[in-house]
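A.B. asks: Below: one structure in structure tokens.
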Amino acid sequence: MIKTKIMGILNVTPDSFSDGGQYHSVDQAVKRAKEMIDEGVDIIDVGGVSTRPGHKEVSHKEVSLKEEMNRVLPVVESIVKYDVQISVDTFRSEVAEACLKLGVSMINDQWAGLFDSNMFNVVSQYGAEIVLMHNGDGHRDKPVVEEMLVSLLAQANKAELAGIPHNKIWLDPGIGFAKTREEENEVMARLDELVATEYPVLLATSRKRYIKEMMNQDSSPSDRDEATAATTAYGIMKGVRGVRVHNVLLNTRLAQSMDFLKENEYERHHLS
């Protein structure tokens with residue numbers, strides 16, 4: 001049975017939109033990492049630069065390379081010994097390499113290698129996995145899904161040319177980044193087209209504005225977990241291979257059930 005991977009979010013920033021400052025100290029971050037492991041997480045994604053609404057392309061100007069290193073490296077060094085895969089959410093190859101040297105095995109690049117052209121070489125050198133997220137400035141000359149596919153496949157091709165195997169390249173449609181609400185609806189409705197590329201797909205909707213608008217009511221980020229879980233179920237039915245979430249326990253339980261139901265359906269449709 002194919003298992004949907006649960007990527008738990010561990011923001012070690014003072015200003016992330018959902019949990020900024022909550023895990024800013026190493027001790028707090030380690031405690032949360034242990035909780036996520038107990039809850040069944042497959043991958044812990046450590047991020048040192050906020051991607052809250054409005055940050056987009058200015059993040060690298062507001063947080064220096066040195067500051068990002070100071071936030072991320074002590075946490076990574078403290079949790080990489082645990083029996084769980086560690087990912088680092090960064091668009092800087094210097095941060096990626098420093099973390100890969102410590103034993104990290106995945107880099108989650110919100111700019112898909114467009115910000116730092118050396119990212120693919122670094123990830124390839126360490127035999128790691130990479131997540132390529134669709135991003136941009138919101139201006140496009142073709143419909144959103146077509147533009148997303150062209151952009152992500154171009155970057156995935158560069159990653160493969162750098163020596164990263166196909167099965168270690170994840171694609172993330174970038175819900176919450178450089179898209180209107182209608183464009184996000186279009187991307188969600190056509191997730192199967194991204195899945196059809198045969199790269200593993202990671203869906204990251206957790207607690208985002210998209211969830212708030214889907215609920216059609218004012219809500220704090222932590223009140224959006226059940227609706228986030230609905231997108232997890234939907235994504236699994238569409239064929240995504242992983243989800244990036246804040247509430248690990250809820251999504252782990254849901255994913256286990258969805259995986260069982262999908263496997264059950266497959267087996268019964270393929271009985272000889």
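Any Cβ shown, glycine's included, is placed from N, Cα and C.
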A.B. asks: According to Swiss-Prot, D89, N108, D172, K208, R244, V245, H246 bind (7,8-dihydropterin-6-yl)methyl diphosphate; which one of T51, T197 is listed for that same site?
C.D. replies: T51
A.B. asks: If you skip the near sequence neighbours and keep only those at least six away, which residues in the chain come within under 8 angstroms of K208 ((7,8-dihydropterin-6-yl)methyl diphosphate binding site), Cβ to Cβ?
C.D. replies: I175, G176, R224
A.B. asks: Taking only C-alpha atoms and a 10 A limit, tell me which of N108, D172, R244, V245 are near N11 (Mg(2+) binding site). These are the binding-site residues.
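C.D. replies: Cα filter at 10 Å returns nothing.
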A.B. asks: Report the residues of the chain - excluding T51, D89, N108, D172, K208, R244, V245, H246 - with C-beta within 8 Å of the mean position of the site's C-beta atoms, for the recorded (7,8-dihydropterin-6-yl)methyl diphosphate site, in sequence order.
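C.D. replies: Going along the sequence, the neighbours appear as M7, I9, D45, G47, A204, S206.
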A.B. asks: Using Cβ atoms only, which residues of the same chain lie under 8 Å from V245 ((7,8-dihydropterin-6-yl)methyl diphosphate binding site) while being at least 6 residues apart in sequence?
C.D. replies: I6, M7, G8, I9, A204, S206, T228, T232, N251
A.B. asks: Widest Cα span across the (7,8-dihydropterin-6-yl)methyl diphosphate binders T51, D89, N108, D172, K208, R244, V245, H246, in Å?
C.D. replies: 18
